[in-house]
Amino acid sequence: MTDVAAPNGPRIAPSVHRGLVLPVALLAAWELSSRLGLADPRFLPPLEIIARSGWHEMMEGRLWGDLLASLRRDLSGFGLGATIGIALGTVLGLSRLADRILTPWFNGLKQIALVAWIPLISMWFGFDEAAKVVFVALAACIPVVLNTQEGVRAAPLPLIEVGRTLRFSRTQFLLRLHLPAALPSILTGLHLGLIYAWLATVGAEYFMAVGPGIGGLIIAGRERFDMPLVLLGILILGCIGFAIDRMAGWIEHRLIRWH
Amino acid sequence: MTSPRGQIDISGVTKRFRIKDRPLLALDQISLSVAPGEFVSIVGPSGCGKSTLLRLLAGLERADSGRLVKDGTEISGPSLDRGLVFQEPRLFPWLTVVQNITLGLQNQRMSRAERRRGVAEHIDLVGLAGFENAYPHQLSGGMAQRAAIARALVNRPEVLLLDEPFGALDALTRARLQGELQRIWAHEGITMLLVTHDVDEAVILGDRVVVMAPRPGRIARGVEVDLPHPRIRADDRLVRLRNDIILGLEADEASTNAQRPAAA
Ligand SMILES: Nc1ncnc2c1ncn2[C@@H]1O[C@H](COP(=O)(O)OP(=O)(O)O)[C@@H](O)[C@H]1O
Ligand SMILES: [Mg+2]
């Protein structure tokens, strides 16, 4: 599999089992320290209390609504960003002119930390849902553009020559050669895009107007100094991020049958 | 009656490359004519320009001077009536055998049914029945090369160019595919140019063997193989021809090496 990681991007997760060792150990240490009175329960409440808080939020609180709001935001932003990313990456990968004109810009812009875009996006799109989705789309778009461009450009010369001897048209080159050859790379980009989109969803919920969402839940917990609620929110964020990563990895594996 | 097609005329063709700013004369004033339906083998040490010559005929490269003509028309680019088989199968890894062969037909004006029939016929012709839906990574080297031959033949080209197509195969598979190629050639009646480094292969298959020499790439001699097809490997006359050609190649090499210090 071609594995073009975005700059500073996380590598694709190793096996689930190894991935579980650290969180489980941390949870155990957490539980032990709060039980043995090593940590102040106001800052590190025992897991049991968090579970109870979770149960409570699920049954009569806003947990489900928040979760749904965050996921919807995440997926709409990802869908938008991925579509733009694949289109832009394909153009940059195929057209030398576009590459020369746009890539320096793109490389410059991507150096800007993602959160630094928030004020600008807020001024353009306001503070509510649209702005958040745009921010998530921007985050998802970057690794998709980079990996798509890389993959489309890397179509093997020997196969290009086959296409020439068979008199491929431009469209045939694109559909029969460049895009399929880029598929592993595009999937890697989409996978990273999913991870980035989730991080951006949380970021948008933290830094933009408060609304429904897991980020909003955490902020509400902070304001009420409700430590179990804050920790519950963070645990949920982690679990969803993990689930998204595993699912993307699985789909990726399924789609590339010819390997 | 229309005259048979697949005539090739190469006259005074020169091709230069630049390697690290130093010019390299890959082909120097090559002239060669091939009759319709003829089978010509091309042998010569590596680097003497055999692949370059085939790539020029396929239209993948442009000559610096001289003319390459097929059936009276100058070759100016790739065409479906000139098929090319490379040393590596070069199958598209994400397509099955059938889909790979169908690629050859996608720019041919024909109905879906005709296309399917053409592909099926060529799968039978190269002996790949039963492997239609296999992906390239599931095929042996010999089977992959059969698929590549089918992809080049499915357009019914008038000329088939083969660049060391069996070079990477084991001896047994190679012998079997040589037999198949002979049968296909007899069946299709098209012109074939086969580049090979295997002199046995060259004399078994060719009506004529063209021997090339390097630095600069040129044609050293042509040898007629005036024996009926299909031929038997152990035929005395074939063995004698083969030995003559190998002796000639060794003599070429000795003289090139003798010239080299002076040239350098
Ligand atoms: N695209 C290229 N660029 C530069 N040099 C080349 C290129 N193709 C072939 N050559 C050179 O031309 C000469 C002939 O090459 P080739 O036709 O591949 O020889 P052969 O097939 O007989 O081994 C070699 O010296 C090779 O290095
Ligand atoms: Mg060669």
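Numbering starts at 1 and runs along the chain as displayed.
Note: Cβ is positioned from N, Cα and C throughout, glycine not excepted.
Because TrEMBL annotations are produced automatically, they should be read as predictions rather than curated entries.
The model shown is predicted, which means the values in this text are computed figures rather than measured ones.
Per TrEMBL, domain 'ABC transmembrane type-1' is recorded for A:67-248.
Beyond the transmembrane segment (A:75-97), the same-chain residues lying 6 or more positions past its ends with a Cβ under 8 Å from any Cβ of the stretch are 103, 106, 132-153, 174, 178-179, 182, 186, 189-190, 193-194, 197, 200-201. What TrEMBL records for A:75-97 (among others) is transmembrane segment.
The transmembrane segment feature in TrEMBL is assigned to A:109-127 (among others).
Residues or ranges marked as transmembrane segment by TrEMBL: A:133-152 (among others).
Per TrEMBL, the feature transmembrane segment maps to A:173-198 (among others).
The transmembrane segment annotation in TrEMBL covers A:204-222 (among others).
Counting same-chain residues at least six beyond the ends of the transmembrane segment (A:229-251), those with a Cβ under 8 angstroms from any Cβ of the stretch are 12-13, 16, 19, 23, 45, 50, 53-54, 57, 67, 70-71, 187, 190-191, 194-195, 198-199, 202, 214-215, 217-218, 220-222. Feature annotation from TrEMBL assigns transmembrane segment to A:229-251 (among others).
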For the transmembrane segment (A:204-222), sequence-distant contacts whose Cβ falls under 8 Å of one of its Cβ atoms, 6 or more beyond its ends | 57, 62-63, 65-67, 69-70, 73, 115, 118, 122, 127-129, 131-132, 135-136, 228-230, 232-234, 236-237, 240
